[in-house]
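J.: From Swiss-Prot, for reference:
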type	residues	note
BINDING	Gly15, Ser16, Phe17, His24, Lys58, Gly157, Ala158, Asp159, Thr225, Lys226, Ile227, Arg228	ATP binding site
BINDING	Gly15, Ser16, Tyr55, Lys57, Trp92, Thr95, Leu169, Trp170	beta-nicotinamide D-ribonucleotide binding site
BINDING	Gly15, Ser16, Phe17, Met23, Lys57, Trp92, Thr95, Gly157, Asp159, Leu169, Trp170, Glu216, Asn220	NAD(+) binding site
COMPBIAS	109-118	compositional bias 'Polar residues'
MOD_RES	Ser117	phosphoserine
REGION	109-149	region 'Disordered'
MOTIF	123-129	motif 'Nuclear localization signal'
Amino acid sequence: MDSSKKTEVVLLACGSFNPITNMHLRLFELAKDYMHATGKYSVIKGIISPVGDAYKKKGLIPAHHRIIMAELATKNSHWVEVDTWESLQKEWVETVKVLRYHQEKLATGSCSYPQSSPALEKPGRKRKWADQKQDSSPQKPQEPKPTGVPKVKLLCGADLLESFSVPNLWKMEDITQIVANFGLICITRAGSDAQKFIYESDVLWRHQSNIHLVNEWITNDISSTKIRRALRRGQSIRYLVPDLVQEYIEKHELYNTESEGRNAGVTLAPLQRNAAEAKHNHSTL
């Protein structure tokens, strides 16, 4: 297909990245290869958007550390970069709003890629982490331009897809908007049955043409949870995370028993918010 007729795509990965691993980076490469192989798409950008501290996940270390590690991990990539907008929000931001934010930036032509975290100093960049907070307020939605706008799609693993069924973790209207208006590129792991999960969900089945399942033939079972466990036990994580990330973790002694206890006993932000909204809606019936 003529490259001018291909749909341009921006891959967006949201998550904790606690810490970022080589597997996170592989997701982008796998998705890019798959989308290009269809002959219908041209992947022009990859975005890593770490969740903010308000997510309140157990063991989640401060966002500025996770941002810096993600910047270090993508330092040599010419197409995958880190965006700090979600991390800088005072409250937890729903994934659909992050997708919408980036789509609107592309539509209005205000996309300023490549973007770097102010916490990671580069030549000519002297801004501090706190300096960017003044720019962190959500922008008002803008009317999209009619043509030539790249499509933002959510890049994820099968675990995120299957999390759609966890009560109060996602709002049904958000799931519908994600799969209908944006689309998913899901990297499947061994042991997962993403196709069956789609079949069992009316919403996902209805929009299955906008859900791309990518088989990971070279299996890789690296996860942030396993990385943190190894670090707590004093075991090596070399070759599981980029070298610069390993050096940063060791320098700042980031993951230990104490850090794993952060937010212990605290309800995850989406569960708390969605349960409260459901209770309110029920009481008003």
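Glycine is no exception: its Cβ is also placed from the backbone N, Cα and C atoms.
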J.: Which one, from the binding-site residues Ala158, Leu169, Ile227, has the smallest tally of other C-beta atoms lying within 10 Å of its C-beta?
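T.: Per-residue Cβ counts within 10 Å for the binding-site residues Ala158, Leu169, Ile227 bottom out at Leu169.
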J.: Comparing the binding-site residues Phe17, Tyr55, Trp92, which residue's C-beta has the most other C-beta atoms within 10 angstroms in this structure?
T.: Phe17
J.: Where Lys57 (beta-nicotinamide D-ribonucleotide binding site) and Gly15 (ATP binding site) are concerned, what is their Cα separation in Å, rounded?
T.: 11
J.: Report the largest Cα to Cα distance, in Å and rounded to a whole number, among the residues Gly15, Ser16, Phe17, His24, Lys58, Gly157, Ala158, Asp159, Thr225, Lys226, Ile227, Arg228 that the record lists as binding ATP.
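T.: Largest Cα to Cα distance for the ATP-binding set is 21 Å.
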J.: Could you tell me the C-alpha distance between Leu169 (beta-nicotinamide D-ribonucleotide binding site) and Asp159 (NAD(+) binding site) in angstrom, no decimals?
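T.: Between the Cα atoms of Leu169 (beta-nicotinamide D-ribonucleotide binding site) and Asp159 (NAD(+) binding site), the distance comes to 13 Å.
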J.: Please compute the mean pLDDT of the model over the motif 'Nuclear localization signal' (123-129).
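T.: A mean pLDDT of 40 is what the model gives the motif 'Nuclear localization signal' (123-129).
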J.: Distance between Ile227 (ATP binding site) and Trp92 (beta-nicotinamide D-ribonucleotide binding site) at the Cα atoms, whole Å?
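T.: That separation, Cα to Cα, works out to 25 Å.
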J.: Just going by other Cβ atoms within 10 Å, which of the binding-site residues Lys57, Lys58 has the emptiest spot?
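T.: Fewest other Cβ atoms within 10 Å, among the binding-site residues Lys57, Lys58, is found for Lys58.
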J.: For Asp159 (NAD(+) binding site), what residues in its own chain, 6 or more apart in sequence, show a Cβ-Cβ distance under 8 Å?
T.: Arg189, Ser192
J.: Among the binding-site residues Ser16, Thr95, Asn220, Thr225, whose Cβ has the fewest other Cβ atoms within 10 Å?
T.: Thr225
J.: In whole Å, note down how far the CA of Ala158 (ATP binding site) lies from the CA of Thr95 (beta-nicotinamide D-ribonucleotide binding site).
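T.: That separation, Cα to Cα, works out to 16 Å.
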J.: Have a look around Gly15 (ATP binding site) and count the other CB atoms within 10 A of its CB, chains all included.
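T.: Within a 10 Å radius of the Cβ of Gly15 (ATP binding site) lie 21 other Cβ atoms.
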J.: Report the nearest neighbour of Asn220 (NAD(+) binding site) in space among the binding-site residues Gly15, Ala158, Trp170, comparing Cα positions.
T.: Ala158
